[in-house]
Number of protein chains: 2
Amino acid sequence: MNEQSLLDLLLSRDDYISGEELSKRLSISRTAVWKQINKLREQGYQFEAVSRRGYKLTYKPDRLHESLLLKALANVPLVKHVKLFGSIHSTQIEAQRLAEQGAPEGTLVIAEEQTAGKGRLGRKWHSPAGKGIWMSFVLRPLIALPYAPQLTLMMAVAVCRAIRSLTKLDVGIKWPNDLLINGRKISGILIESATEDERIRYCIVGIGIDANLDEEDYPEELRSVATSLKVESGQPIDRAELIGAVMKETESLYELYQQEGFAPIASLWEALSITLHQPVRIQAATDLIEGTAIGLHPSGALIVEDANGVRHTIFSADVQLSRC
Amino acid sequence: MNEQSLLDLLLSRDDYISGEELSKRLSISRTAVWKQINKLREQGYQFEAVSRRGYKLTYKPDRLHESLLLKALANVPLVKHVKLFGSIHSTQIEAQRLAEQGAPEGTLVIAEEQTAGKGRLGRKWHSPAGKGIWMSFVLRPLIALPYAPQLTLMMAVAVCRAIRSLTKLDVGIKWPNDLLINGRKISGILIESATEDERIRYCIVGIGIDANLDEEDYPEELRSVATSLKVESGQPIDRAELIGAVMKETESLYELYQQEGFAPIASLWEALSITLHQPVRIQAATDLIEGTAIGLHPSGALIVEDANGVRHTIFSADVQLSRC
């Protein structure tokens, strides 16, 4: 608790703050202040310490700090518990493990690094340390199974809006839930659900956002298809702040969805979509469908009209935008 | 392999069969025959052994024997692997564990007894040893998530038809997938699925059939709501044969479903339903709906018309038949 307040005080001040003031405001001894400063130094924070003037924070490591996370999530009641890991195999698997043990809706697992990050279709998700947002959380929606794909679209809207609120970047949604900037992927969302007959037991929402990766952080094969917020905007983003924004958007949309159903979510999705009204090629389970994406089915499926005017309802597929 | 053949030979003959003949037909020594007979004795089989005449099977224990199971499943290519357990916590959890490890479609887990059998909504399923069919198998259907409830109805039809083919009992389906005789439950089906966005990774189909339970096998609180094939028909059923029939029906319907879609399954379901055209009370997530079940929605949901003529589409709920 004191550690959080010490960091808060230092962060709130551009100038020096004296050991005496820190000691008074935190109601702890000067020795305790000094110990906490050292603890922060061990975590990568850097200070100038000048006698008679005090301490000044000169470098804040790009590291998710629990106190900063909790601050960023303070106004998001949806988030009940936060578990922060330095390195983990997969936040998705950890969140699933917690859900099976009964973890409540809003349990959030965040990692600095994933050693076996999960993407869609069994693919790996490149998750280098300290550079991105790799997180998974538990939802327990009281909706019937056929509506589950709507949550996938809802999450795409939430992440897209959060990124747009903190950057000026023109992020769009490729159906169902990839986020692209200039045709390159900036974020992936994966929702895994455990169901019992028509009932959803829980969903694990996995979100990967390439926040502060540099060009050289990408393996060769990803450079043409992936990009990061830092690469696109030219400056790093505060990851804790972005996590807070994503979860706040999620909470708002989830409330909206529970109160008003899917229609308002669909409108928001359509406004951010780069798939609608575009020619698309869709490799479905058995067919290759070429046509124009003309809208969302109320279930969340994509409606594609082919050259013969036949409309296809696509629930799940790999969609290629033909212009790409 | 020899053991299977020995049992087959003994089962195929109502009369005595000599040790010499057994030895010849199995191409093993007389001593080996004698050892195998003893092994079967240990498993509960009983024989009359008369000098010069040979062996006669006089008692076949009510015990699932791997060789009999494999014989009953010989004409069901859908079933790729069978794992038979004496006692297990839950066939459902074991099948799920295997599916996560990559077990193929058609992996079947059967147990004589479950110590923590799973029912719907976290309920327990009473699964005493040697009396019922407690089994779970893996499906990996290439269908989109919104269609998953159709599998629930398909399985109700499969089990209902299998029971009807081996007994004269008037079994009917209560939406979505409870099987009732005279208003009492004879079987429960639970489908748990693991999904990734709109894609089904796998389904675990759990089937419990109260085959040979006697009245006294039921705890007090179940006696008015549950019954067994044996209680209803007055005679025990061959459990291996019933397992074979259930899996054969499942295979046929699954093929039909994959080729022709849900429509023919829906017709079969409707023909066996005791819910349709009946007054029903439905406790949905938020509402209590009273009306008449008038049909199946193409998705597999139940359509209920209330007193005002308003139609409700019910995906998941506890349905009470008002007449019960």
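Using N, Cα and C of the backbone, Cβ positions are placed for all residues, glycine too.
Keep in mind the model is a prediction, meaning the values are calculated, not measured.
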Can you check which of B:19-38, B:219-238 TrEMBL lists as DNA-binding region? B:19-38
Just to confirm: which same-chain residues, 6+ apart in sequence, have a Cβ under 8 Å from the Cβ of B:K185 (biotin binding site)? B:D178, B:L179, B:D210, B:V225, B:A226, B:T227
When the pLDDT values for the domain 'BPL/LPL catalytic' (B:70-258) are averaged, what is the result? 92
B:Q114 (biotin binding site) has how many other Cβ neighbours within 10 Å of its own Cβ? 28
